[in-house]
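Enquirer: Before I ask anything, let me first share the structure, which is written out below as structure tokens.
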Amino acid sequence: MIEWVQPSLFFYLGAAILPFLKGKARSALLLSIPVMALFAMLSASQGIHGVVSFAGQELVFGRVDKLSLGFGAVFMVSAFASLVFALHVKDCREHISALLYVGSAVGAIFAGDFFSFFLFWEIASFSSVFLIWLRGEKGSNAAGMRYLLVHITGGLLLFGGIVIHVGSGGGIAFDAMPEMGLGPTLILMGFLINAAVPPLHAWLADAYPEATLTGVIFLSVFTTKTAIYALIRGFPGTPILIVLGAIMAVYGVMYAVNENNCQRVWCYHLISQNGYMVTGIGIGTALGINGAVALAFTNIIYKALLMMGISSVTHMTGGRKQSELGALYKSMPWTFVLFVIGGFAIAGVPPLVGFVSKSIVVSAAAEIGQGWVILMLVFGACGTWLHPLKLIYMVFLGEDRAKDRKIVVTDPPANMLWGMRILASICIFFGLFPGLLYGMFPHPMDYQPYTAGHLVKAFQYMGFTLLVFMLFLKKLTPENYISLDTDYIYRKGSLVFMWLVKRLAFLRHVT
């Protein structure tokens, strides 16, 4: 009897079969893949499975514990909802890329050694870039190449760190690093690139908005959350992560203030939200790790929902920027309601899932007496409430800034709405029953979110942010200009490098 089947195999086999199917058969296969993978995952007993001997090493393809099971379950649910949302896509290449990408992310979280983890990590990097390139525009082609080069760099750092770590007697088991030598430092840098930690973050806001309208949903979930999982596995309690995470929480929301592109707003928000997770990992206590896991799980759900909302708006109107949209609540009522649920969830409005997860990391910081961290996280929380308010107003309320639009705008196709409804329902369900969410965490959880203190603090920062939003609404109106980020360095640096190469080639030819 087979005791273990790597869940990634379902996605890989599905990607191989998909080109031979059309219509309802293709849709049925797409939706069945995450369901079968979820059942295979949940049917396995906790422990070590899928051990393969290779080159004198024991590769572990199935480490099943509460952490991997929790991430796996949320990955499967998100994949299912995202595939529902993408059912209308006719291009089989996009579905194949998504399946390979999701399958590799799933494979990585069950990998028990560095080499099998690296294998899945790299397949995810190379398969995901096609979700950007398949948009088929000049900007997406260039952004995809930059995305690929950044991830190749991260992969080289990771592989070099693994080789040094193993060569120095550290072993290939993917466990917490006992000490920070050269090998673990390079491994950490590889993880930080994929987690979009500043100043190694700019690839995310550069590439994700250039992806296809459904590809961006998958991208917003799997790369950074696989990196968060890797940081939890390898570097819990690493002090530098507290500093980096707190900076991320503020950095992301500050850049989102001036952003006009709706998807890029959520990209910077993604960086900010990852900052809370990185902070919790750096704190390293049971509450800190649980807080990081809580935010990873819930962020996967409401971030995908918000990206779906913006993709739906773009699909129906053709507009991507706030300055091109407005007053869509009448013509897209379902999209408006579902987007509001996602926006309120990410802001931590009770009784949605964001409320029962966001304050855990702040409580963990309070436990260890890190007042400055609490201050930065609260500042980030205010920004996290400001931007949903801004997008809800600019996109769905306010004035119509596209009065010359000639097409009739309606809600998107049914499959897109159902993808959003699935995720919105989860936001409500786990917000009402947080104990079920807490039961998925790696450590026992004795935390009560619905206390007077937590509710008062939540409404205080939300009330303050709402007041700021109302007072400065006119100044928050988006404009068309470019915000320079750290990618400016390697964009311009690459031009200088190519100029030097051409000059050297010319001189060699002359001589």
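The backbone N, Cα and C atoms fix where each Cβ goes, glycine too.
Copied straight from TrEMBL:
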DOMAIN    111-381  domain 'NADH:quinone oxidoreductase/Mrp antiporter transmembrane'
TRANSMEM  6-21  transmembrane segment
TRANSMEM  28-48  transmembrane segment
TRANSMEM  68-87  transmembrane segment
TRANSMEM  99-121  transmembrane segment
TRANSMEM  148-174  transmembrane segment
TRANSMEM  186-205  transmembrane segment
TRANSMEM  239-257  transmembrane segment
TRANSMEM  277-302  transmembrane segment
TRANSMEM  334-353  transmembrane segment
TRANSMEM  373-397  transmembrane segment
TRANSMEM  418-441  transmembrane segment
TRANSMEM  453-473  transmembrane segment
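Set these features in their place in the structure for me.
Expert: Only residues 6 or more beyond the boundaries of the transmembrane segment (6-21), in the same chain, are considered here, and those with a CB under 8 A from a CB of the stretch are 29-30, 33-34, 36-38, 40-41, 50, 61-62, 72, 76, 92, 95-96, 99-100, 102-104, 106-107, 110, 120.
Beyond the ends of the transmembrane segment (28-48), by six or more residues, the same chain brings 3-5, 7-8, 10-11, 14, 17-18, 21, 60, 62-66, 69, 72-73, 76-77, 79-80, 83-84, 86-87, 95, 99, 102, 106, 110, 112 to within a C-beta distance below 8 angstroms of the stretch.
If you look at the transmembrane segment (99-121), the same-chain residues 6 or more away from its ends with a CB under 8 A from one of its CBs are 6-12, 14-15, 18, 30, 33-34, 37, 41, 48, 54, 57-64, 68, 71-72, 75-76, 79, 127-128, 131, 155, 158-159, 162, 165-166, 172-174, 187, 194, 218, 222-223, 225-226, 229-230.
For the transmembrane segment (148-174), the residues of the chain that approach it from at least six positions outside its boundaries are 57-60, 63, 111-115, 117-118, 121-122, 125-126, 129, 181-191, 193-194, 203, 233-234, judged by C-beta separation under 8 angstroms.
Sequence-distant contacts of the transmembrane segment (186-205) (same chain, six or more residues past either end, CB-CB distance under 8 Å): 114, 121, 146-147, 150-151, 153-155, 157-162, 164-165, 177, 180, 223-224, 226-228, 230-231, 234-235, 238, 244-245, 247-248, 251, 255, 264, 267-268, 270-271, 274, 278, 485-487.
Non-local neighbours of the transmembrane segment (277-302) in the same chain are 67, 70-71, 74-75, 77-78, 195, 197, 221, 225, 228-229, 231-232, 235-246, 248-249, 270, 342, 345-346, 352-354, 356-358, 360-361, 363-365, 367-368, 370, 373, 377, 423, 426-427, 430, 437-438, 440-445, 447; each lies 6+ residues outside the stretch with a CB under 8 Å from one of its CB atoms.
Panel annotation: around the transmembrane segment (334-353), residues 269, 273, 298-299, 301-303, 305-306, 308-310, 312-313, 328, 359, 381, 384-385, 388-389, 391-392, 395-396, 411-412, 417, 420-421, 423-424, 426-432, 434, 437, 449-450, 455, 458, 462 of the same chain, lying at least six beyond its termini, place a Cβ under 8 Å from a Cβ of the stretch.
Residues 242, 246-247, 249-250, 252-254, 256-257, 262, 265, 269, 272-273, 275-276, 279, 306, 310, 313, 322, 325-329, 332, 335-336, 339-340, 342-344, 346-348, 358, 361-362, 365-366, 461-462, 464-466, 468-469, 473, 476-478 of the same chain lie 6 or more positions beyond the ends of the transmembrane segment (373-397) yet place their CB under 8 Å from a CB of it.
Nonlocal intrachain contacts for the transmembrane segment (453-473), taken as residues 6+ away from its ends with a CB within less than 8 angstroms of a stretch CB, comprise 347-350, 355, 359, 378, 381-383, 385-386, 389-390, 393.
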Enquirer: Where else in the chain does the transmembrane segment (239-257) make close Cβ contacts, counting only residues six or more beyond its ends and a cut-off under 8 Å?
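Expert: For the transmembrane segment (239-257), the list is 192, 196-198, 201, 205, 231, 264-265, 268-283, 370, 372-373, 376-377, 379-380, 382-384, 386-387, 476, 483, 485.
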